[in-house]
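Database features, via TrEMBL:
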- Arg8: site 'Important for substrate specificity' (SITE)
- Asp74: active site, proton acceptor (ACT_SITE)
- Thr75: site 'Important for substrate specificity' (SITE)
- Gln169: site 'Important for substrate specificity' (SITE)
Amino acid sequence: MLASGSPRRAELLQLLGRPFQVVLPQVPEQRALGESAAAYVQRLAISKAEAGAALWRTKATANTTTNSLVLGSDTVVVVGYAQAHEQVLEKPRDFADFQRMMQLLSGTTHTVLTAVGVTQSAQLEPTTDVTMATMVATEVSFKPLSEGEIAAYWASGEPQDKAGGYGIQGLAGRFVTHLQGSYFAVVGLPLYETAELLTRVETQQAGGQQ
Ligand SMILES: Cc1cn([C@H]2C[C@H](O)[C@@H](COP(=O)(O)OP(=O)(O)OP(=O)(O)O)O2)c(=O)[nH]c1=O
């Protein structure tokens, strides 16, 4: 199960070749006071996976006995990652918020954090649910952006539903001068790390049943 409404995550998960269905749990995205960016993004990924498992359990038919893997994920853009003054950029509220984000990203390097949580969920034994998580940090550098470029990019409609107000896979690709880490994590789902995590959860489950 993919616990996500992100079309990017659905497209990327398809590349792992595992059939899946989508569930859409409602998880409030609110950073706690003093919560670090890394703690926040992992908490949300785990919450989405666990809320997705709970939702799946209510929808599964009474005689379903199979186990399911439920995947949740979260992406944030961070300026000054792991420093005392780190700033977390989520989806822009409006043009002014987006402008503020682009001015922070223009001509500098920022970090994109994507966390993935996977809950191994048993229909008949909810107390045996196991959740594991991973997080990928990718450094992305932007060229300096002019006010005209920022305004034109907003008008394209691409930034509105994306963390940090940009899509590397789209028109913002031309802003990127350097990337170190996982391109797929920036788009929303790190493929290598997600495949490893799914195997790790399955292996743990197999070990638990012995
Ligand atoms: C930085 C960046 C983010 N994004 C997207 C990925 C995520 O969909 C979104 C980050 O917001 P999220 O809150 O992580 O995800 P979401 O609300 O879209 O979906 P869900 O919570 O249901 O899983 O930004 C890109 O598509 N390209 C990029 O370059």
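Cβ atoms here come from the backbone N, Cα and C positions, even for glycine.
Please treat TrEMBL annotations as automatic predictions, because they have not gone through curation.
Cα to Cα, Asp74 (active site, proton acceptor) and Gln169 (site 'Important for substrate specificity') are separated by 17 Å.
Among the listed recorded sites, namely Thr75, Gln169, the Cβ with the most fellow Cβ atoms inside 10 Å is that of Thr75. Of the recorded positions Arg8, Asp74, Asp74 has the largest number of other Cβ atoms within 10 Å of its own Cβ. Here Gln169 (site 'Important for substrate specificity') is positioned 14 angstrom away from Thr75 (site 'Important for substrate specificity'), judged by their C-alpha atoms.
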